[in-house]
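Annotated features, as they stand in Swiss-Prot:
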REPEAT    10-99  repeat 'Solcar 1'
REPEAT    106-195  repeat 'Solcar 2'
REPEAT    204-293  repeat 'Solcar 3'
TRANSMEM  16-36  transmembrane segment
TRANSMEM  69-88  transmembrane segment
TRANSMEM  112-132  transmembrane segment
TRANSMEM  166-186  transmembrane segment
TRANSMEM  204-224  transmembrane segment
TRANSMEM  276-296  transmembrane segment
Amino acid sequence: MSASNVSLLHETCRQVAAGGCAGLVEICLMHPLDVVKTRFQVQRSVTDPQSYKSLRDSFQVIFRTEGLFGFYKGIIPPILAETPKRAVKFSTFELYKKFLGYMSLSPGLTFPIAGLGSGLTEAVVVNPFEVVKVGLQVNRNMFTEQPSTFAYARQIIKKEGWGFQGLNKGFTATLGRHGIFNMTYFGFYYNVKDNIPSSKDPTLEFLRKFGIGFVSGTVGSVFNIPFDVAKSRIQGPQPVPGEIKYRGCFKTMETVYREEGILALYKGLLPKVMRLGPGGGVMLLVYEYTYAWLQENW
């Protein structure tokens with residue numbers, strides 16, 4: 001193996017390790033908000049006696065009826081997926097960015113286009129895990145009463161198969177969710193970071209990067225949430241058991257808009273922003289600092 005190939009492999013391993021650490025830290029800190037977000041997104045009517053009245057009400061009800069572990073339902077699939085997911089997210093972003101560099105595009109275009117490519121690639125890896133995660137998150141039984149992650153995955157495969165009606169349902173919505181988020185997230189972060197002077201003070205530099213990452217995650221959440229709502233409706237339980245109401249991504253958006261109004265496409269926005277705002281800052285900081293440490297020590 002040539003020296004250049006060894007160097008490329010070494011660089012990829014650093015990206016995988018740094019991305020995995022970033023994903024693990026972010027998911028462990030922010031998963032409770034993801035559970036709340038998903039519950040809001042699958043609600044169809046405020047008149048439903050099981051509907052949450054507010055963000056505070058959702059936390060109180062989940063804690064009272066399902067216990068502390070209720071906030072960590074469905075956490076195993078994202079943990080299992082985080083290392084390959086974040087490895088794909090960051091390594092393919094770097095790969096697409098390098099490829100686009102040969103096309104003489106401006107940085108203003110290179111970063112969002114590379115982000116879009118990384119998001120679409122990431123969606124392919126993560127979608128089966130998302131199907132299992134959403135199914136577990138919307139289960140309102142006590143944590144100890146619900147099926148295990150692997151038992152639930154086997155149940156989906158047995159009943160619905162591996163395809164777009166089974167373990168890969170909601171695939172187009174996942175493509176839209178991740179593609180648009182990464183396009184906005186990376187595009188905003190790197191373009192803004194390059195235009196705001198860095199600081200020699202480590203604390204100020206940390207806050208500068210975290211602040212830009214926070215805003216990047218927030219903006220990405222606002223732009224991609226209609227796809228996230230569609231994904232939750234398709235991958236979650238259908239209104240009538242045995243009857244599939246939500247199928248394609250855009251058809252689902254149309255149905256939600258027609259029956260519930262435009263604001264229904266933004267259900268769960270507050271917990272999503274509360275998660276992916278600070279989560280976006282945390283993830284990029286953990287990635288950058290871990291990657292820098294690995295460059296110095298490995």
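Cβ atoms are placed via backbone N, Cα and C, with glycine included.
For the transmembrane segment (69-88), the partner stretch with the most Cβ pairs below 8 Å, chosen from 16-36, 112-132, 166-186, 204-224, 276-296, is 16-36. For the transmembrane segment (204-224), the partner stretch with the highest count of Cβ pairs under 8 angstroms, out of 16-36, 112-132, 276-296, is 276-296. Away from its own ends, the transmembrane segment (112-132) comes close to residues 74, 77-78, 80-81, 84-85, 88-90, 92-94, 96-97, 100, 105, 149, 152-153, 156, 166-171, 174-175, 177-187, 231, 235 of its chain (Cβ-Cβ under 8 Å, at least six residues beyond either end). Non-local neighbours of the transmembrane segment (166-186) in the same chain are 89, 93, 111-116, 118-120, 122-123, 126-128, 130-132, 153, 156-157, 159-160, 216-217, 219-221, 223-224, 227-228, 230-231, 234-235, 248-249, 252, 276, 280; each lies 6+ residues outside the stretch with a CB under 8 Å from one of its CB atoms. Over the repeat 'Solcar 3' (204-293), the average per-residue pLDDT in this prediction is 93.
Helix, strand and coil counts from DSSP across the repeat 'Solcar 2' (106-195) read 69 helix, 0 strand, 21 coil. Counted with DSSP, the repeat 'Solcar 3' (204-293) comes out as 74 helix, 2 strand, 14 coil.
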